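Now, the feature entries from TrEMBL:
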TRANSMEM  28-49  transmembrane segment
DOMAIN    42-297  domain 'G-protein coupled receptors family 1 profile'
TRANSMEM  61-83  transmembrane segment
TRANSMEM  103-121  transmembrane segment
TRANSMEM  141-163  transmembrane segment
TRANSMEM  205-227  transmembrane segment
TRANSMEM  239-260  transmembrane segment
TRANSMEM  280-299  transmembrane segment
Amino acid sequence: MEKANWSSPVVGFILLGLSAHPRLEKMFFVLILLMYLVILLGNGVLILVTILDSHLHTPMYFFLGNLSFLDICYTTTSVPLLLDGFLTPRKTISFSGCAMQMFLSFTMGATECVLLGMMAFDRYVAICNPLRYPVVMSKSVYVSMVVSSWTIGGAASVVHTSLTIQLPFCGNNVINHLGCEILAVLKLACVDITINVISMGVTNVIFLGVPVLFISVSYIFIIATILRIPSTEGRKKAFSTCSAHLTVVVIFYGTLFVMYWKPKSKDPQRADKEDLSDKLIPLFYGVVTPMLNPIIYSLRNKDVKAAVRNLV
């Protein structure tokens, strides 16, 4: 039996999704479809105004435009398949399709981690060293920062996707998840995955721990600088330029930390609820966060609101 499994490699996967909760599938189909449309509209408008409005041709809005583009790409790699899965009794995906989804979703997630760190540095220079800001954050510098964010995220994704797809999957092709998430796929491998687990752990430290530390240190200096501003109006204006970014960081990294470091319950009676939460938390990260980003930035930024009004 074991030899037969090895001689018949998996050519596709079955996604369980929320098939154990059919009522939730119908509810989430409508909800996620509406949220996806909001994501496309909100982030699309942000990209448009940062391109068309000359007042927004600054490093901060260049980063913001890239963040919006990244959110559109990230959701587009997963949401259409997710919506189709809610309507399809047997949710299948080819091996190559699964590999592509893993690569794209990991690339977008890792890139956003780095990009949010770059945006924190931009806010640090703008508030703590305003006179040097035009020199430090020149066009060549901030374009290079964005390109390096995409390059680093893509390189990390190539490594982990390659390590995953080279593993043998001996017959068990049922992924207990909403999509082809790398950790869920690794559980199906019929060999030791210690190297994969260790490499994922190291990557989590690099893309979660390091940016969070960098952002935290940047905001310590930013807050210290803001508190030294003598006028209340000046402090309020300075904080308003970074409050939207800080809000996005808290939502984005908070969800990621819960997703990757949520303690596992040993109570078998709670297994079903825990299994459902393991699927819904990534859903929040993958859909709710990209939807909130343009709302947060437009509500807290007078320049963006003015540019949107002019566009309309």
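Quick reminder: no glycine exception, Cβ is built from N, Cα and C everywhere.
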Which sequence-distant residues neighbour the transmembrane segment (28-49)? Criterion: at least 6 residues beyond either end, Cβ under 8 Å. 18, 56, 64-65, 68-69, 71-72, 75, 79, 82-83, 86-87, 283, 287-288, 290-291, 293-295, 297-298, 304, 307-308, 311
Counting only pairs at least 6 apart in sequence, do the transmembrane segment (141-163) and the transmembrane segment (239-260) share 3+ Cβ pairs under 8 Å? no
Under 8 Å Cβ-Cβ from the transmembrane segment (239-260), and at least six residues away from its ends along the same chain, one finds 60, 67, 109, 112-113, 116, 119-120, 123, 126-127, 204, 208, 211-212, 215, 219, 222, 226, 281-282, 284-285, 289, 292-293, 296-297, 299-301
Tell me, what is the mean pLDDT of the domain 'G-protein coupled receptors family 1 profile' (42-297)? 83
Please work out which recorded stretch in 61-83, 103-121, 205-227 has the most C-beta pairs separated by under 8 angstroms from the transmembrane segment (280-299)? 61-83
